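Residues or ranges marked as repeat 'PPR' by TrEMBL: A:147-181, A:248-282, A:349-383, A:450-484, A:485-519, A:520-554, A:621-655, A:656-691, A:758-792.
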Amino acid sequence: MACFPFTTPQLSQFRSTKTTKFLSSNEPIHFTEFNGTTRNHQTLYKSYFHSISSLCKDGQIQQAVDLLTEMDSKNFPVGPEIYGEILQCCVYERDLFTGQQIHAQVLKNGAFFARNEYIETKLVIFYAKCGAFDVANNLFSRLRVKNVFSWAAVIGLKCRFGLNEEALMAFSEMQENGFFPDNFVVPNALKACGALQWLGYGKGVHGYVVKVGFDGCVFVASSLIDMYGKCGVLEDARKVFDGMVERNVIAWNSMIVGYMQNGRNEEAIGVFCDMRMEGVEPTRVSISSFLSASANLGAIDEGKQGHAIAVLGGLELDNILGSSVINFYSKLGLIEDAELVFVRMLVRDVVTWNLMISSYVQCGLIEKALNMCHLMRLENLRFDCVTLSSILTAAANSSSIEIGKEGHCYCIRNNLQSDVVVASSIVDMYAKCGRIDCARQVFSSTTNKDIILWNTLLASYADIGHGGEALKLFYQMQLESVPPNVTSWNSLILGFIRNHQLNEAKELFSQMQSLGVHPNLITWTTLITGLAHNGFQDEAVQIFQKMQESGIKPNTISISSVLSACTNVTSLPHGRAIHGYAIRHDLGSQISVSTALVDMYAKCGYLSQAKRVFDNTLSKELPVYNAMISGYALHGQAGEALAVYKHLEEAGIEPDGITFTTVLSACSHNGLINEGLEIFFDIVSKHHFRPSMEHYGCVVSLLSRSGNLDEAIRLIHAMPYEPDAYIIGSLLATCREHNEIELGEHLAKYLLELEPDNSGNYVAISNAYAASGRWDKVIKIRDLMKEKGLKKSPGCSWIQIGEKLHPFFAGDGSHPKTKQIHATLALLGIEMNFSA
DNA sequence: ATAGGGTTAG
């Protein structure tokens, strides 16, 4: 029998008026059932109740409990409403412990209380709100009389535990049992629909809302906007939003969030602006969503204004808003600003730290990232999945297997390796550290493989040119019901390109289209780069044009890629046209484009034009210097190459191995012995760089070309590498020029012992003989090769010039370079015959 | 009722 006049948790929304409302109501208080009730008792009871109520209202829960204990010790009868009041206070304070004490007292007082509908409902609500999942559900299932409020409590609980399906099942069940959902449960149901993206169910709830007239409730309307937003149906979200008579800031925020989370960042920013125009004060939610949208668009001015609005509005930088600001600055590469915000934040949680760590990793500042991890530990915060995936990415990008293994071990110890994102990072780390075997092992031991995990391994095989293995994986993923997406296809294509199987790559490209998978910018760029690097320059340019015809706009990477195909005089006009396109689309000053342009003009022999682009490049980075230096080196202008190298040093940019190789080879080809040696010494003493075999090779060739054969040989002995075929070959080449026949024979013998099956060595030896006019030896070497069944590397064949046989990088006529070579020789008036 | 971080392809 219900004995308490109101049992509405809804009234909790009007907490401050509740007790007065009760005391002024005319409803009877049913404590006549207690013995010896008198007028006096009633007054005293009322004053106890009033005191407990006020204490509860002020959150003085312990004092309220003390009064309750006092009543109990005086054997003063306690009515259900007092327990209810204290329980409600426990709900507010999320005080599970005290609530449990009250529950115990209720049980102690016997069946009247324990089986009181009001108290039972309150207990369900109490346990539900305190997140005691099992207790709340058990009590609920044992309720004799369920009502809208207890249903609402368990549905809300299931929602908070992310059990959205269960929540909706309960929502349906309550209706089947004849209860009509009120406007307090509906938002929970809608939230579950949004989380599950169950648009149909959500629309059903919307229908119900309209039917019973809840659509005027801002809570319900905001939830509808959120639900449609989460389901990606922004048009319907907008309709609800536009139809609202009165909008509160949450409705505005839901609309902004909806657009932002669906990648419609411009519209999110638009709604934010409308909101300000209407004079609605943005909250932290509005600003953090606005900042996310700005970050996604790279909208630097908007985002900075958002930060300013937050500051001016006096909004405290809590974890979430602070993280959004940091995210904005770091996504725009403004890492110093992100650091400033981070330092000024008063509280920092694991997300804030993770953001800084991943920002550093993305900027390649591995040391700083690891230092952040260290500081984070000092603040007693534990690494989570996100921290580890950033650390593993750092290890992958710097090929640091030691850090990678440490990260992997940490994951195993802390059970993080079952997270698919972490698993993908581990697989990628091992692959990028050259341990494809470990990558495969981790992949196999991961139970829940998602498409990204499959794609990670696929990309790993592709990267090392194992197209066949990639293809196997591609079939296997389909057998395991993971349909490949465009990224999978891209890796598959890349796998064959890396193995120089261009026809297979092109075949896959058309296959994917006939299967209805649309190539994206990356697919096209992969193909363009592959064609350009394998001698199919013209086709690369054609593919670039086809890409534009298919409506895909090139970005800086695809432009750089196609420019790398325009490196001969025939394709230069295309290159110039693309240069124009880049300028028209404001991409001409992008560093990667400038670099490609410098490279293109330099390779085509237009050095002054290359220099012009180089000089007009504002913030120069190492690659553009390297392109310029190698351009001069290629055309024998060692002096100019050295000048650019000096410029680079003055700019305070640290050269890399490629810089040294180009500048050393320029010196070597032009006999600039002093300059070359000086640079070689600088590599070690000034740049603290370990010279590679290539660097030694350049100096060996520099020394031997200038006649210092003894010095060259001494250097070979002194270097910390076993001499490779290239270095011996370069020495061999100069032996003939200096008539060092005996040394040459020695080197040739060494070369064949070193790699008896490398056809390149036979070519080098034969070239050396050709240089000294020993055509008989050239023929002998060719016969030796035939005897051993060795084939020349693709693109190299014997060319007969007059009576003389030369090994030549000319091919059998099918190689794309053939045409070029044909033209070059024709210019020299040389007629030629190719032989296989 | 609304808000923040990590993984794959050029």
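Just so you know, glycine gets a Cβ as well, placed from its N, Cα and C.
Curation plays no part in TrEMBL annotations; they are all automatic predictions.
Model, not experiment: these values are computed from the prediction.
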Looking only at residues six or more beyond either end of the repeat 'PPR' (A:349-383), which have a C-beta under 8 A from one in the stretch? 319, 322-323, 326-327, 330, 333, 335, 338-339, 342, 390-391, 393-394, 397-398, 400, 403, 410, 414
Tally of residues which DSSP labels helix, strand or coil - the repeat 'PPR' (A:248-282): 26 helix, 0 strand, 9 coil
Which numbers of helix, strand and coil residues does DSSP report for the repeat 'PPR' (A:758-792)? 26 helix, 0 strand, 9 coil
Under 8 Å Cβ-Cβ from the repeat 'PPR' (A:621-655), and at least six residues away from its ends along the same chain, one finds 591-592, 594-596, 598-599, 601-603, 605, 607, 610-611, 614, 662-663, 665-667, 669-670, 672, 675, 679, 687
Mean per-residue pLDDT computed across the repeat 'PPR' (A:656-691): 91
